[in-house]
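According to TrEMBL, the protein has these features:
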- E166: active site, proton donor (ACT_SITE)
- E319: active site, nucleophile (ACT_SITE)
- R127, N165, W327: substrate binding site (BINDING)
- C131, C171, C173: Zn(2+) binding site (BINDING)
- 30-396: domain 'Glycoside hydrolase family 42 N-terminal' (DOMAIN)
- 407-612: domain 'Beta-galactosidase trimerisation' (DOMAIN)
- 622-670: domain 'Beta-galactosidase C-terminal' (DOMAIN)
Amino acid sequence: MAGRPTTAPGTPRPGMHTLTAGRGLLFGGDYNPEQWPEHVWDEDVELMKAAGVNLVTVGVFSWGRIEPEPGARDFTWLDRVLDLLGSAGIAVDLATPTASPPPWMGHRWPRTLPVDESGHRLWYGARNQFCPSSPVYRERALAIVTDLADRYAGHPALALWHVGNEYGQICHCDDSAAAFRAWLRERYGDLDTLNEAWGTTFWSQHYSDWDEIVTPRRAPYIVNPTQRLDFARFSSDALLAHYRAERDILRERTPDTPVTTNFMGLFKPVDYWSWAPEEDIVSNDWYPDPADPLSPARTALTHDLIRSLGGGRPWLLMEQSPSAVNWRPHNLPKPAGQLRLESLQAVARGADGLCYFQWRASAFGSERFHAAMLPHAGPDTRIHAEVRAHGAELRRLDPVVGTPVPAKVAMLHDWPSWWALEERGRPSDRLDLPDQLLRFYRPLWERGVTVDLARPSADLTGYALVVVPNLYLIDDRDAAALTEYVRGGGVLVVGPFSGVTDPRGHVRTGRFPAPLREVLGASGEEWMPAPEDRPVRCRWADGTGFTARTWTELVRAEGAGTVATFTEGDLADRPAVLRHETGEGVAWYVATIPEPEGLGELTVRALADAGVTGVLPELPPGVEAVRRGPVLFLLNHGAGTVEVPLPQPSEDLLTGSPVHDRVTLAPRAVVALSPLP
Ligand code: GAL
């Protein structure tokens, strides 16, 4: 679904630098003035100024206010909002309001409403109720985007475009089915090729006419996995086509204003590798769960992904919550200092902007109990005090603005592989891709080793270590590139159930992982999920042991050395972890899912092979260390006060104080250390 290019190749696009120039780090949030009478707006802007807010996102859900009935336009209120913000020096991230069509659209044109896989139409009354392939939705959305862009092109407050909101709509309606068929025709050309790719000799699924093909709707039993995989690809592309159509209108009218849409981290329905190059700024919404003990590492992984999606460029944390959200069953508040800790974690990992959902807490609607920068109780509150203090201290971090976060380790992640992996009918439903990524990421994070995420086709030559927690689906070229990478001196770690299928989702026959067998110097013949109540015992060569879970494989060494074995049952003494020196490099294969101590040890060994060390030689548990530009960030996510020895005297930019041999970090403390001359 190619859109037309809007910029000549080589023309530099505006980006984060366009926004941070003269402003420094961005600080603000979603602002929904349409929920409040106008006299409140003046107070908002005064309080924003006092809090150091310099960017607000406006208009995300304002379609009904701008177009109260089909074809009408009321921009007068938005004019006043933008003028008010502009005169206060607050930049506006202006949203196209297309994430939430007004009820008139679904009422008059029910085919704009999305249909789920059971054929049920999803109604208006919440948000996101549109079908990305609906011609009426498309036409009406582009019309309002055109008028919005025409109206605000050149407005001094306009700094950034925010297209839609958190794209992720999936639709199974007839319009979607027609668009899916068009997408399939482009992919396969003819029905024979499609039938072969989908393996339709299985269960008599042969298609004899394009019109027989529908989206993978609810069926009596397990639906064709390749049909579903292609539908996932199509759904991501269909949304992208819509995003591009809106973006092109904006770019044409305001070529110097950057465009973004807000991502959601490891969000399954949308392939962000294909989306990110279509944005000028990569932005993300991220809501760590205060009840999740793994949240600091999970968050670091997410931030590293977002930075990597933008090729290492500074990114924007578009939404986070100042405290509790309202959409989990039981919503813990963030303890004092957590808002600051999490926000600075994003800066440390490459964000040049920290925004919240939302500025003023809603008094009505589905999010009336979601925390906000300005709570219902007003400015004289602990949350608002924290917001203000944080907004003020961000001014001290100018030295990091625009600087990169260097990484020597890459972790591969691929959306189509994720989609294919998690289809039904596999050896175990307990293999969960984000969980696998986090398992392999954690020991690196704990050791202060910064990681970039990369797609399998990326150029990996700049990395000393490449970790592949799970790449179930892999194409021949990418497998060959990984092999070359190792031969050329790289170190590769491959997790279980990788290299299983080709891009169609067909199992590669022969011993597994067929396309990586040579580089790994090992191969397997049977995947053997383990009973959940029986931990799998494994042993390193020196006799020490570790525990693994859920998954084992019957593999043998074919040139690799066996560095750990299973100790019990049918697999006793067979390889659990293998290491293969080949060419100039080393390849590791992990035929199980080790618990953290086992993966920790394996990580230490792989890092040694790669000659990679963390940013500090030793880190107390819970302390995150990451270097960004000239600054070393240390963040204490642990519950106790710790001391961290330092290699050189530095200044903590956040306080302006010098620190010498060591720094003491209370729980939730952060330092941003800039070396003293
Ligand atoms: C985001 C969304 C916001 C708001 C927020 C609440 O997913 O973009 O509009 O709903 O969640 O946490």
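Each residue's number is its place along the chain shown, starting with 1.
Here the Cβ of each residue, glycine as well, is placed from N, Cα and C on the backbone.
TrEMBL feature annotations superimposed on the structure.
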residue: R127; record: substrate binding site; Cβ contacts under 8 Å, 6 or more apart: F61, A99, S100
residue: C131; record: Zn(2+) binding site; Cβ contacts under 8 Å, 6 or more apart: R111, T112, L113, P114, V115, Y137, Q169, C171, C173, D175, S176
residue: N165; record: substrate binding site; Cβ contacts under 8 Å, 6 or more apart: V60, F61, A95, A99, S100, T261, N262
residue: E166; record: active site, proton donor; Cβ contacts under 8 Å, 6 or more apart: A99, N128, N262, F263, M264, F267, D285
residue: E319; record: active site, nucleophile; Cβ contacts under 8 Å, 6 or more apart: G29, D30, N262, D285, W286, Y287, C355, Y356, F357
residue: W327; record: substrate binding site; Cβ contacts under 8 Å, 6 or more apart: H370
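As a whole-number mean, the pLDDT of the domain 'Glycoside hydrolase family 42 N-terminal' (30-396) in this prediction is 98. Residue with the densest Cβ environment among the binding-site residues C171, C173: C171, by other Cβ atoms within 10 Å. Ligand 1 lies under 6 Å from the Cβ of N165, E166, out of the recorded positions C131, N165, E166, C171, C173.
Report note: the substrate site is defined by R127, N165, W327, and the residues of the same chain whose CB lies within 8 Å of the CB centroid of those residues, excluding them, are A99, S100, A126, N128, E166. Compute the center of the Cβ atoms of C131, C171, C173, which mark the site for Zn(2+); besides them, the chain residues with Cβ within 8 Å of that center are R111, L113, P114, V115, F130, P132, S133, S134, Q169, H172, D175, S176. According to its DSSP assignment, C173 (Zn(2+) binding site) is coil.
Sorting each residue of the domain 'Beta-galactosidase C-terminal' (622-670) by its DSSP state yields 0 helix, 27 strand, 22 coil.
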